[in-house]
């Protein structure tokens, strides 16, 4: 990692893949080089969006500042200094003239030094890997958010890591995948396969859908003048008959006795009034029927089709049960018929074997 990473260790960029290496770029931290937007992404992103993405990734990489060779060697240097201080505390002569001591006395300090080194190396590797993992997690979170934001444009962002030099070095880069955009038609829903067929409502033609609202509104518009003219027609005979009843000489007398019509004209007027009253009553009775007809015509053709299909589906579901019921009824009828035939045969045999109960004929007047 670092400046030793060459461009040959990164995958090449293509028309559908843009590679952004993570390098130190002459600084003390890793970052993406700020430059012009690649041509492969220019049709999907703007300059401002690309700049904001690079800035967010560089902010996520900021904790890897001063991450180089010296930072990796610093734990070993600290372990070595700690070992030397410990040896000086035990016996300063071990550092000044170790050859004057026998090997048995030098075994403990040497084992202590190598033990600190072996124990400190895994701890140092753990700390470094944890720091790198945290930074990579932050970068992946930024790239995932960008992928969700620009996924509708066919752009995907991923963080990749490679190992080269027999595992002696690693490198990081960001891949911008430019995917082709395709227009996929909406799939037609297919019914779930069942034991019985399912009828799907047929789509009404365009002219039928346009004519349905007009056909529904025409009877309503026609019924409105009829409903308005019916009370006027009913009130006109009543207004005309009121003066006639007031001027008629056959009006009711104060004693409450109904007078007989005195002339033919009065009889004709009474018949005309009764006919008009009956016609107005028939018109009032026909109004609910007209409203029901209008409500039926207001139903759209698709609703009627859906109701029909629903009824047919219900009948298809009940087909098996109806067949079983029919078979059971036929069996019961056959059993009843067999019992009736057996009873009829038994009664015939009983009638044939029974003795004749007729009385003897009497001879009348034979001497």
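Keep in mind that glycine also has a Cβ here, set from the backbone N, Cα and C atoms.
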206-247, 248-289 - the range that TrEMBL marks as region 'Disordered': 248-289
Transmembrane segment according to TrEMBL, located in which of 37-59, 106-128, 129-151: 106-128
Intrachain neighbours beyond the transmembrane segment (106-128), with Cβ under 8 angstroms and 6 or more residues off its ends: 72, 75-76, 78-80, 82-83, 86-87, 90, 94, 98
